[in-house]
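Below is one structure, written out as structure tokens; the observations come after it.
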Amino acid sequence: MCHSISVIATEHLIHKKETSLEINRVSAMNLNSTTIVNHSSEHNDCGITRLTGNSSTPDALHCQDISLKSVNVIVSVVLCNIIASGGSLGNTLVLLVIRRTPNLKTVWGVLISNLAMADLLVTAVAIPLVISVLTQGFVPLCTLNTSMFAAIIVGRYSCTASLLILAAMSMDRCWAVCDPLRHKTKMTSSKLKAILLFIWLTSLILPILEVALPRQSPSFLVLRHLRNSGVVSCYVAIVTSGFVTFINVHCASSRISDLHENGGNSHMYADLRERNKQVARTIGLIVVVFSICWIPVTFISVRFVEHYSMLHFWTVLLGFANSAVNPCIYFYRQRSYRQALKVLLRGSQSCSSFTRPPRYSDQSVIKN
């Protein structure tokens with residue numbers, strides 16, 4: 001009898017210990033859940049970022065949307081509207097003038113028209129999509145947003161094409177100024193079409209891969225490294241071409257001035273020297289504006305790879321502004337283009353009557 005009572009007491013104690021251990025385990029789980037909820041609430045209450053996605057994954061815990069203050073939303077929307085309207089108008093005028101004026105359909109003119117099309121994608125498509133996102137009050141880096149994804153793809157596509165075309169224009173101008181005869185015979189329409197086809201296809205593939213690949217995958221990291229290297233390479237090509245063109249033009253102008261100082265055609269050589277200086281000033285302005293618009297974007301993207309901030313946001317808008325400034329540089333500074341624009345704005349039926357001869361040696365109509 002005593003033995004039975006002892007066994008029952010022992011079983012009761014074992015059951016009591018198991019119940020106590022189960023209660024402690026449940027309490028620990030509840031405590032961990034409360035800690036996670038409080039962690040999310042702290043991020044939500046600060047008004048700067050908000051966590052999205054499944055909290056059980058490390059990537060989701062580090063994925064943050066950027067919240068925008070009302071002042072930032074208003075200022076950015078106003079700036080985007082100015083860039084979109086002004087840039088779309090300017091680039092459309094560039095395309096119309098080149099299309100309606102046969103004498104402007106040169107290598108330089110074809111490159112300008114392609115640059116205008118790339119810039120028109122930024123000002124007429126990408127920026128309106130960005131405006132629709134900004135009105136929500138935050139930059140959806142983690143939240144699935146169709147407008148944001150479309151803006152990223154179109155923006156990167158057009159910006160990559162613009163950058164490559166800018167590099168091609170600078171190198172073409174350098175070649176035309178340094179060796180005009182070889183440029184005139186070697187740069188045919190078929191070669192130009194091949195270059196432009198490569199530019200547009202490359203510009204389309206890169207943004208699609210960047211959006212499709214997981215952000216933490218090795219392939220994405222390699223692609224991002226290639227993109228940054230490509231941006232730096234294009235910038236180096238633009239700066240180098242501009243510097244070589246500037247030096248070559250001024251050296252050639254000095255030689256012309258020395259050789260024909262006492263000649264009877266001093267007025268003609270003075271006009272040639274002035275035109276060459278105009279080319280050098282245009283190249284210099286291209287390099288300066290390009291540097292102002294794109295160096296901040298490149299530096300911040302390389303320096304702050306993992307942390308998107310308001311610096312990224314404002315520097316991207318500065319890069320978009322380059323698409324609105326380009327028509328002023330590549331179109332309105334050329335006298336022949338300005339005169340063709342006047343003919344277009346006066347409502348003439350065609351600009352084909354505009355027969356002003358080309359100003360530069362590379363301005364002949366491209367050959368097949």
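Quick reminder: no glycine exception, Cβ is built from N, Cα and C everywhere.
What TrEMBL says about this one:
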TRANSMEM  74-98  transmembrane segment
DOMAIN    90-330  domain 'G-protein coupled receptors family 1 profile'
TRANSMEM  110-135  transmembrane segment
TRANSMEM  147-171  transmembrane segment
TRANSMEM  192-209  transmembrane segment
TRANSMEM  229-249  transmembrane segment
TRANSMEM  283-305  transmembrane segment
TRANSMEM  311-332  transmembrane segment
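The average pLDDT the prediction assigns to the domain 'G-protein coupled receptors family 1 profile' (90-330) is 79. Counting C-beta pairs under 8 angstroms (sequence separation of 6 or more), the transmembrane segment (147-171) reaches the transmembrane segment (283-305) with 3 or more such pairs.
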